[in-house]
Amino acid sequence: SHISECSCSYVDLLAVALLGLLPLSSSLLTGDLDDCFCDVESIDVFNNFKIYPKIKKLTERDYFRYYRVNLKRPCPFWPDDSHCDIKDCHVEPCPESKVPVGIKSGNYNKYSQAANSETEVTECEQAKELGAINSTLSNQSKKAFADWARHDDAQEHFCELDDETSPDAEYVDLLLNPERFTGYKGASAWRVWNSIYEENCFKPRSVYRPLYPLAPSRGQVLVCSSGLCLEKRVFYRLISGLHSSINIHLSAEYLLDEGWGRSVWGPNPSEFRRRFDSLEGTRRLKNLYFLFLIELRALFKVAPYFERSVVHLYTGKSQEDQRTKDLLLKLFTEIRSEPEPGHTSGHSDPREEFRLHFKNISKIMDCVGCSKCRLWGKLQTQGLGTALKILFSEREIQSLPEHSPSRGFQLSRQEIVALVNAFARVSTSIYQLHNFRSMLNEER
């Protein structure tokens, strides 16, 4: 299966904006989305009234709120000298006593009830059993098995996954550590994005990105994807859309007041305007819609994987697990109620090139100095990588057996949690974009 680009064409409000008659950030993105059988207005209504409420409720379920991540991995590209001392950068790990037993059972790559049946054994008994098994293996053999497993898994993954068995890996409650503006910014933060654009993406030669792109005195920033073949434009627009989505989150959850020991967070229209009130800003918002359609298409394609009776979103609480799966299936039903987004094309298969470049990007997320920013950067990068894995595995998904697991295509719990939460973040961005339009209209 090949990913194709939904080339976006909009009603010409840009000319008005360029004449200084209307700020770009307040202009209503409108018009047809070519090849996608939809337009911006339709996407806004579809997301804000149908998708966003369901995906928000889904991410509040236990299966999707606990994410195991290693925030202590060193940056592999430059000295890790940029750790943020701002208190809001801190991530509060979740005590394992609070994590559902089915999630922390140790079967990180298994999702079905049958695969997790050993969680009925008490933790002490389980430790004893595992100890008895492991005592027959030498340390060298165990390391070899682990290396083989990591190598086999790496051939399918688009991201550099954290080793969930590492002592530095911790469970994080995503609801208690929301993505928001922490104050982490400047040269250190931009070095991460600069590395992503300059070194890992299929960057157009004409792109110029200064160290501080938001500073008006640095000159105009020109970002375009003209002159690139289709696959490279797709990859570039995905990264740009992710960047835009994160910027909207930071503008929507901004520290407005820190008095009397109680922090107040909320939308900051001025910050939103600062980030998007430019020609480049409008292009990046277009790429946000493109990212939404790509991840929506991945969910459309992966629905049969989850609809099988052998798949359980297992936490150890059977009634809650069933309700969680019912919510997920309702989301798939809503997605399928609309025409399938995007289409396939006859271009060459860029799977391996995509995979290698995207793995590099996931590694760069270990260079983010702010722990909370690193958490959400790693999660959203992994979620997008999982979406790409799905889109390149359409044939394998279509041939999955109904009543038994398949080796042809598998998703680990870590990938499932990242996929759903990453799409929820993009859905939230489009929802917040509507709110910012209203606020900017009121200001005018």
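Just so it is clear, glycine is given a Cβ too, placed from its N, Cα and C backbone atoms.
A sphere of 10 angstroms centred on the C-beta of C370 (active site, nucleophile) encloses 25 other C-beta atoms. The feature active site, nucleophile is assigned by TrEMBL to C370.
Its own atom aside, the Cβ of C373 (active site) has 24 Cβ atoms within 10 angstroms in the protein chains shown. The active site annotation in TrEMBL covers C373.
Look at TrEMBL and you will find R180, T182, W193, S240, H243, R275 tagged as FAD binding site.
The disulfide bond annotation in TrEMBL covers C84-C89 (among others). Sequence-distant neighbours of C89 (disulfide bond) (same chain, 6+ residues apart, CB-CB distance under 8 A): T182, G183, Y184, G369, C370, S371, K372, C373.
Under the heading disulfide bond, TrEMBL lists C124-C159 (among others).
Annotated disulfide bond per TrEMBL: C370-C373 (among others), in sequence order.
Taken from TrEMBL, the feature signal peptide applies to 1-27.
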Of the residues named as FAD binders, R180, T182, W193, S240, H243, R275, how far apart in Å are the Cα atoms of the most distant pair? 21
Here the binding-site residues are T182, S240; which one has the lowest number of other Cβ atoms no more than 10 Å from its Cβ? T182
Are there any residues at least 6 positions away along the chain from W193 (FAD binding site) with a Cβ closer than 8 Å to its Cβ? List them or say none. H243
